[in-house]
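See structure below.
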Amino acid sequence: MNERSLRVLEYNKIIHMLEDKCTSSLGREKLKELKPISNFEQITTWQKETSEAQSILIHRGNIPLGGIHDVSQYLRRTEIGSYLDPGQLLQLKETLAAARRMKTFLKDDKKESTYPIIQELGNNISSLKHIEDKIELCIISETELSDNASPELRNIRRQISSKNDAIRNKLNSIITSASNQKYLQDPIITMRQDRYVVPVKQEHRGNIPGLIHDQSSSGATIFVEPMAVVELNNQLKELRLKEQVEIERILMEIAAMIAERSDDIKSNQIILKELDFIFAKGKLSVEMRAVEPVLNTNKKISIKNGRHPLLPSNKVVPNTMWLGEDFHTLVITGPNTGGKTVTLKTLGLLTLMAQSGLHVPADYGTKLAIFDQVFADIGDEQSIEQSLSTFSSHMTNIVNIMDNVTEQSLVLFDELGAGTDPTEGAALAMAILNSLREMGTVTVATTHYSELKQYALSTEGVENASVEFDVNTLSPTYKLLIGVPGKSNAFEISRKLGLSDFLIQRSKELLTREDIQFEDLLQNIEKNRSTAEKEKDEAARLRMETQKLREEYYEKKQQLQTQKEKLISDAKREAYKIVKQAKLDADEIVENLKTLRAELEEKEMNKKIEEARKNLSDQMGKLAENMGEKLVLKTNKKPPKNLKIGESVNILSLNQIGYVILPEDANGEVQLQVGIMKVNMHVSNLERIKEEKDTKKTGVGKIVKSKAENIKMEIDVRGQNLEEAMLNVDKYLDDAYIAGLTHVTIIHGVGTGVLSAGLKQMLKKHKHTKSFREGEYGEGGMGVTIVHLK
């Protein structure tokens, strides 16, 4: 596409607007490749993907495309056997997570068949959750690995911590010793060259034996490693070296996992770049209230209420324009600042946007043609260095256009033939337009020349147009009128501004008779058009009022019908309620009668049951007396003692369970309840039943146990904003408190420090917080906060 045309039509500003819509550097990199093309099939595909993105944004809102990083260099490092530092691994994890979220987001779409292009991209994303989880397990922050990265690392760090404590204890005994106080500059322990030292006064350097590692800038203090801790420091150094070796081993292990799936990660990155770019186009379409144009290759243009995309939406005047059917050349005339150039630029820029796969700010049904080139000669771009006049500058560009134009091109001229003698300029303009017309090229030109108005009126395939001007307010309306030649309005504007009628009349006398007749004709045409336009608007208004009255009538009629149906429905419902209540009352009376009858029958039945129970009890008592010897044949060598009322016992001779209702009497017998019977048994025939304690936990204890089993000792809020993190931490602290945890860890990372500071402010006031501190070495350092709960 012609670079000069892209520049004068301000295509680069559209690219800048798209850049703001991208969420990653990958999408912005893709934008650099975007240029208008003339391949119909490719443009159609681009337009369809923009429409899919627009539809998803409208129906589902924001897209989970955050957290994408360019990890190409990281992948190359793993492929050659190198490892990545923790910060780089975190970026790679975020990119993998973004790809997985996007895949899930697109997979969850209920209308996925409506978005075949974007859905196919989503289906091709590889989910690499195992790599995400490995990095999550091992990396605490941009600079530190977790103790959980490996058992060996945890063990080494435990030894380092123990060794640190031993060194500090030894040094504390030295600096707190009364005999050493006078030799020390300060009673503190510090570090020099990764070794623990104490500050000793220069003049007492020999009083504390040890290795000198550094001195102060003034020379008054030397930093000595006492001999008592040299060996401990050496052991600590060895442990730190072992720690570093283990860290590198873990990082190499992760790098090997990444290298193994390097191709999948590269493919994901390409897809994420494409999706970011596509959704940037969709966001721009939504913002501009743009539509997908109907494309064609037969040079037909029909823009419905097109708006210049770079003008404020509350100020731009929509315009309708068409050409390519009955005419291929459009000549636009009218006063300066009337909007002719904006109209020209709107057509050119909308064409470039459409051929770049972008939607255009216009109404549905807008049709645009695909051109092999868009040529534009707009504005005064004369070269001072080349000493070119306005006319020469324009003519140089026009010569270039005429040398390269084809019948499939779009040509835009602003003030064609201006900058030279009007007669010669008009003649040149007509010759250029005629040459392009004969070639079949779609051409739009703006001009002041009356000769070009007459040329358009008298030449087949050429049409006049103008921008409307309100003489009463001396301001343009910016409305394009196709088929109506423009009028300069010089005399009317001059009169309104105060020029005397005498001078205006003298000016008219200097015009030729043909010029006067032509201007009068244009004035009559404009007057008739304006009248017709007003009558058309009035007719449309009356038609709308009639339609509104008709709709109100039908609405009233519908309301009355609805009210009528509601009254009938309410009456039926009320009648049904009365009948239903009457039935319920009747049923209640019947039930009461049945209950009364049942109560009478139950009393009679209970009386008979009681008589039967009494007879059975009497017979069992007699049986027990007559067969007492047989009942006690089976005895307990250790009869139970001190049986209490309510205790359960096993009756050995009957193999039945009974409950004590009367304690042991002088004869050693107790009275038992066995089922419905009461029997007397000797204690030697009884065996005490040991009751099992109910150890089942219920109620609050069970809930707390469940909480304690489910609540982790740490919460990770990295990547969350402060408000989201505070909500999650607050809920987590509640759960941890209920679960009975004594302390927990909040992982927030280092970053800018905003998240850490905000959470610490919250912890100061939290009801469950007893105390909190930053993590120590091996716990996560500044990237974590340890909270002790009340």
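Placement of Cβ uses the backbone N, Cα and C atoms for every residue, glycine included.
Values in this document were obtained by computation on a predicted structure and should not be read as measured data.
Copied over from Swiss-Prot, here are the features:
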BINDING   Gly334, Pro335, Asn336, Thr337, Gly338, Gly339, Lys340, Thr341  ATP binding site
DOMAIN    715-790  domain 'Smr'
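When DSSP labels each residue, the domain 'Smr' (715-790) comes out as 33 helix, 19 strand, 24 coil, counted as helix, strand and coil in that order. Note on the domain 'Smr' (715-790): mean pLDDT across this stretch is 86.
When Cβ atoms from all protein chains are considered, those within 10 Å of Thr341 (ATP binding site) total 18, not counting its own.
In the three-state DSSP reading, Thr341 (ATP binding site) counts as helix.
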